[in-house]
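Record features (Swiss-Prot):
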- 3-7, Q30, R54, 81-84, 219-222, T247: carbamoyl phosphate binding site (BINDING)
- N114, D178, S182, M183: L-ornithine binding site (BINDING)
- E94: site 'Important for structural integrity' (SITE)
Amino acid sequence: KTSTRTRCAFEVAARDQGAGVTYLEPSASQIRHKESIKDTARVLGRMYDGIEYRGFGQDVVEELAKYAGVPVFNGLTNEFHPTQMLADALTMREHSGKPLNQTAFAYVGDARYNMANSLLVLGAKLGMDVRIGAPKTLWPSENIVARARAVAEETGGKILLTENAEEAVKGVDFIHTDVWVSMGEPKEAWQERIDLLKDYRVTPELMAVSGNPQVKFMHCLPAFHNRETKVGEWIYETFGLNGVEVTEEVFESSASIVFDQA
């Protein structure tokens, strides 16, 4: 998958530590074209001290890790985004003013993919109060939820899944969201997703429902919060939405900590 923040973060971090970096884009390598993941892993593992993978399939990064013989870092798959969780946990710790196990956060929107899955597991591991607000058809898989609940039982974490966005955000310290249509999905998905999620937009009104004057807004970016991109303008012209998952008012407000998070 294409990347701005994740790639830059890995490259800057590596170079800050004196490490060399090679970027292999999909069109410039033989992965899954002329060479299997298993063979690629064994070759790269002999040349490099670590591998970061960013792509669609969780199975790919797990196969790389199985055969590379060196650490493999998951920079994002459809299922999980663990390195983003390091940033999110640090950001919430910096802005909450209290221990993470006394902190509550909500994720509202399409909860089937990497960000909601990862936030659910993160919150469970850290003993946090986690709420997911989404239509039931867009909830995380039962397997992910069961795993998170099992972990939360050990850490004292709380997990709530609800179709009511207002119920999800009441009393929270942070409200997270993500794009409603993910990389690789067709344009046709927008209409269905907007119809399903129109009541889950992060607006000033939803922020106020939290009842917490210090509530913060988080988004892993990129975000559709105005018309200043080609896609944002297309969404406005097609659906009449200026900002999709979050409004410009929230994104540019003092409650927004998205750039600290990024």
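Placement of Cβ uses the backbone N, Cα and C atoms for every residue, glycine included.
Mapped onto this structure are the features recorded in Swiss-Prot.
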residue: S3; record: carbamoyl phosphate binding site; Cβ contacts under 8 Å, 6 or more apart: R54, G75, L76
residue: R5; record: carbamoyl phosphate binding site; Cβ contacts under 8 Å, 6 or more apart: C220, L221, A262
residue: R7; record: carbamoyl phosphate binding site; Cβ contacts under 8 Å, 6 or more apart: Y23, R54, G75
residue: P82; record: carbamoyl phosphate binding site; Cβ contacts under 8 Å, 6 or more apart: N74, S118
residue: Q84; record: carbamoyl phosphate binding site; Cβ contacts under 8 Å, 6 or more apart: T6, L76, N114, M115, S118, C220
residue: E94; record: site 'Important for structural integrity'; Cβ contacts under 8 Å, 6 or more apart: D260
residue: D178; record: L-ornithine binding site; Cβ contacts under 8 Å, 6 or more apart: Y107, G109, D110, Y113, M115, A116, H219, C220, E245
residue: S182; record: L-ornithine binding site; Cβ contacts under 8 Å, 6 or more apart: N78, D110, Y113
residue: P222; record: carbamoyl phosphate binding site; Cβ contacts under 8 Å, 6 or more apart: T4, V179, T229
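In three-state terms derived from DSSP, R54 (carbamoyl phosphate binding site) belongs to an extended strand segment.
Cβ crowding, taken as the number of other Cβ atoms within 10 Å, peaks at C220 among the binding-site residues M183, C220. Just so you know, of the binding-site residues R54, N114, the Cβ with the fewest other Cβ atoms around it within 10 Å is the one at R54.
Within 8 Å of the centroid defined by the CB atoms of N114, D178, S182, M183, the record's L-ornithine site, lie the Cβ atoms of L76, N78, Y113, M115, V179, excluding the listed residues themselves.
Taken over all pairs of the listed L-ornithine-binding residues (N114, D178, S182, M183), the Cα spread reaches a maximum of 12 Å, rounded to the nearest whole number.
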